[in-house]
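These come from TrEMBL:
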REGION    73-111  region 'Disordered'
COMPBIAS  89-101  compositional bias 'Low complexity'
COMPBIAS  102-111  compositional bias 'Basic and acidic residues'
BINDING   Cys151, Asp153, His213, Cys216  Zn(2+) binding site
Amino acid sequence: MAAAHVTGSLLASGVNTHERPSKVAGLSGVATIGEAQFKLLSLVGRKPELKGVVAAKLAALADELEMTLSLDTEKSDNNISPRGPLDHLPLTTTTTPGSGPSERKHEADSNPVDDLKKRFLDFKINYYLKQPQFVEPLKTGQSPKILFIACCDSRVTPEYITKARPGELFVLRNIANLVPPMEVAGKLHYGTSAAIEYAVLHLKVEHIIVNGHRACGGIQALMTQKRGGKTTDTGSKSFIGDWMDVARPAKTKTLEQCGHHDLQTQLRFCEKESVNNSLRNLLTFPWVKQAVDAKRLQLHGWYYDFVEGALSTWKPNTPGMELLT
Ligand SMILES: [Zn+2]
């Protein structure tokens, strides 16, 4: 029950719950704060006229808990770090030995991991619990139709930019969204090849999208050799240079076709040509080529320009490019 969790958390932090009973005790039949939130939201959904009452009661509860924790902190002058279901709330007030109230910081407000925990609860409430028609089938397996190969770049988020639901995309991300050629000896890039094999032979995806993007750090390293050398700044082996060698044919073509242009023009060209290089490399895997020849599998080149908010799409060996802006 939520009341038990909250009480346990307050006890762990030294709060005297007998003197200041939590009003959460009124929410019976729920196991977590997320479920309590869901129960309240469902109630308000059925009876919108309760919005004001619910908001006022929640605000009063938050004020009471915050005041209780603050009073306890001032009394004990010890570190307080509640453990349990209150951790994700911005209630955690900490002190360091010898510091006074003015030095206290609300760490949860600035902690990006805590922020993700909060957003998980939002996902749980607004998707996982509300849309069982999409969630339930995934509990027994996955059957995505698309293998989506993207860069690790934090600005290129496949599910976010395509609004894909869990289960729709089998996602493979690596530096610069590269596909190496089929290799069985020498430089082995098994991580990427294994994911492609699983998607094609076991999941039997019907499409593979290789998604390049503007301002790719990997392509810049390839074209300028910055951070693309054989060693890191501290002298240890660098993996980036070897990995980006996969796209070296794209660099060669870029220099042939627009070596006389400025660097930015070369980078934009190489970012797209590297996608073509990866599409060609996909066909070096015999089971990819067989599936493509049998028309069970289609390959697609995509290029996401997050500066312009535009997406270009094309198919290998097919003239023309569709531009979505
Ligand atoms: Zn990139």
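Including glycine, each Cβ sits where the backbone N, Cα and C put it.
Note: TrEMBL annotation is automatic and uncurated.
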For the Zn(2+) site built from Cys151, Asp153, His213, Cys216, further residues of that chain with CB within 8 A of the site's CB center: Ala150, Cys152, Arg155, Val156, Ala176, Asn177, Gly212, Arg214, Ala215, Gly217, Gly218, Ile219, Glu271, Tyr304
DSSP state at Cys151 (Zn(2+) binding site), helix/strand/coil: strand
